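The region 'Disordered' annotation in TrEMBL covers 1-55. The annotation compositional bias 'Low complexity' is assigned in TrEMBL to 36-51. Annotation source TrEMBL lists domain 'COI1 F-box' at 56-95. Per TrEMBL, domain 'Transport inhibitor response 1' is recorded for 116-161.
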Amino acid sequence: MRENHPSTTSDDDQRSSLLDLARAEISSNSKTRNYGGFPDPGSGSGPSEPQAPFPDQVLENVLENVLHFLSSRHDRNAASLVCRSWYRAEALTRSELFIGNCYALSPARATTRFTRVKSVTVKGKPRFADFDLMPPDWGAHFAPWASALAQAYPWLEKLHLKRMNVSDADLALLADSFSTFRELVLVCCEGFGTPGLANVAAKCRLLRVLELVESVVEAEDDEEIDWISCFPESQTNMESLVFDCVECPINFEALESLVARSPRLKKLRLNQFVSMAQLHRLLLRAPQLTHLGTGSFSATEPGVVGELEPDHTAAFEACRSLVCLSGFREIWADYLPAIYPVCANLTSLNLSYADVNAHQLKAVIRLCHKLQIFWVLDSICDEGLQAVAATCKDLRELRVFPVDASEETEGPVSEVGFEAISQGCRKLESILYFCQRMTNAAVVAMSKNCPDLVVFRLCIIGRYRPDPVTQEPMDEGFGAIVMNCKKLTRLAVSGLLTDRAFEYIGRYGKLVRTLSVAFAGATDMGLKYVLEGCPNLQKLEIRDSPFGDGALRSGLHHYYNMRFLWMSSCRLTRQACQEIAQALPNLVLEVINDNDEENAGDDIEILYMYRSLDGPRDDAPRFVSILH
């Protein structure tokens with residue numbers, strides 16, 4: 001599953017809010033402070049005589065004013081651990097709350113600790129849920145959080161949710177509770193439909209951002225509502241409207257009217273039911289757009305051909321501020337020349353849904369000299385990647401997705417295009433590359449030519465595939481990446497790997513925070529190297545690998561410092577998992593079966609382990625066993 005808004009931002013530059021939440025709750029006497037219009041949680045209702053502030057009060061007031069300038073969650077977490085007065089002051093000045101795991105603490109604990117929050121981000125299921133490795137009704141329900149936020153933060157302005165189960169009732173509660181609500185972003189969420197969206201559109205009259213990214217929007221014929229028509233009929237404050245994942249038709253006349261009365265609109269991403277002719281009308285209404293998702297990019301209206309065809313090229317040419325282009329879900333390649341006028345200014349281009357050939361793509365790429373972010377299908381072929389390398393010298397992020405992910409096929413991209421990118425795009429900071437073959441030499445070249453890599457994800461499709469030229473394991477290639485790329489924080493490994501590759505990661509990957517392992521590994525010693533050698537490791541995702549109980553036990557010293565560990569289709573036993581649960585009581589160990597029966601055998605299909613301040617959750621389904 002792909003997020004349809006390319007971004008190089010990492011969500012791991014902090015240990016999450018759990019660092020400061022883990023401290024004991026500290027009570028303090030009421031002090032005179034400027035609460036910026038919020039209620040003073042410690043003040044009484046009766047009159048009081050003015051008093052000269054104590055010296056420590058003055059210092060705390062100064063500290064609060066200073067902490068307002070701290071924007072990094074990492075810095076704020078560190079500040080809250082200095083002493084009690086810093087702990088109190090940091091809580092009173094934090095306006096943005098980030099929860100990396102909705103089960104890591106209760107909503108009540110979060111809202112009690114932080115009383116002045118205006119923006120909340122909550123994440124639910126782990127990333128491997130995107131690959132259908134987790135049963136759909138596992139949990140991550142937003143309802144408890146919605147209720148707590150509605151009571152604690154009536155002034156809430158922004159809400160970002162990722163991989164959460166959100167109902168229409170949750171959205172209705174948000175719309176009724178937050179009078180100044182401005183921003184709702186739902187990424188990879190599910191459980192809601194058009195009735196919930198209609199409530200948000202109708203009642204959140206200050207709404208500026210509504211983004212539905214890779215989410216599943218329920219579309220029942222008897223419950224479907226024309227939610228686009230529910231926005232206020234007056235001029236709106238909309239700046240971003242993203243609904244490309246909504247798989248049902250929309251009222252185009254209402255959409256066109258909404259775009260026309262939204263002069264601040266900068267980002268618009270359309271679903272596949274918006275045709276090229278309709279896109280043309282929208283572009284004429286909103287030439288100020290900077291980010292555009294094109295919708296289907298095909299002619300879906302019969303009779304709109306020949307001389308009646310709108311001038312799409314002129315419509316794009318009028319959008320002089322356009323820097324980000326995506327969409328193309330049902331692309332008609334003959335329309336691609338229409339985007340030529342905007343290519344010179346593009347810094348981000350997402351063609352990860354456009355199944356077009358290398359020749360067609362090269363005509364576009366050769367115009368994109370300013371491109372920094374590029375997502376594409378492997379239909380671009382090595383030839384197309386060579387064109388990218390020759391043109392896009394400022395490229396910072398590249399993602400190449402497979403058209404066909406089966407192991408039997410021979411993919412159209414290989415080490416040839418990969419090495420060309422490393423030679424031509426030396427400012428590269430992030431790469432995700434799916435392929436059926438890769439050589440150590442090409443990966444070593446990438447490590448030397450692109451030393452600023454922060455994210456390196458190489459997904460060799462197929463089980464335990466060696467270097468096709470030398471038939472050697474891919475150890476030296478991945479070893480070179482962790483040795484030469486000193487800024488690396490995220491790494492995904494695959495292919496035939498021995499313990500030597502993991503020894504390299506443990507020895508040199510000191511900044512690695514996220515490690516993903518798929519169809520790779522040899523013995524338990526490999527994982528032991530990683531768990532003992534990577535002090536900053538926060539997320540460890542392992543699937544279909546031979547690691548067993550010994551590997552699991554080797555991380556006892558580090559698990560409290562991690563956000564989560566995921567192991568599926570490995571060689572774990574229930575006894576070893578039980579030992580971890582007893583040794584580390586503040587960790588939650590969930591054993592997940594892929595059926596509705598309770599876990600009874602000794603084999604472990606999925607282990608999902610995470611830290612929690614409030615113990616095991618109370619909404620686990622029958623196929624989840626929580627070990628104690």
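Placed from the backbone N, Cα and C atoms, the Cβ positions cover glycine too.
Note: TrEMBL annotation is automatic and uncurated.
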For the domain 'Transport inhibitor response 1' (116-161), jot down how many residues DSSP puts in helix, in strand and in coil. 15 helix, 10 strand, 21 coil
In the domain 'COI1 F-box' (56-95), how many residues does DSSP assign to helix, to strand and to coil? 30 helix, 0 strand, 10 coil
I'm checking region-level scores; what's the whole-number mean pLDDT for the domain 'COI1 F-box' (56-95)? 80
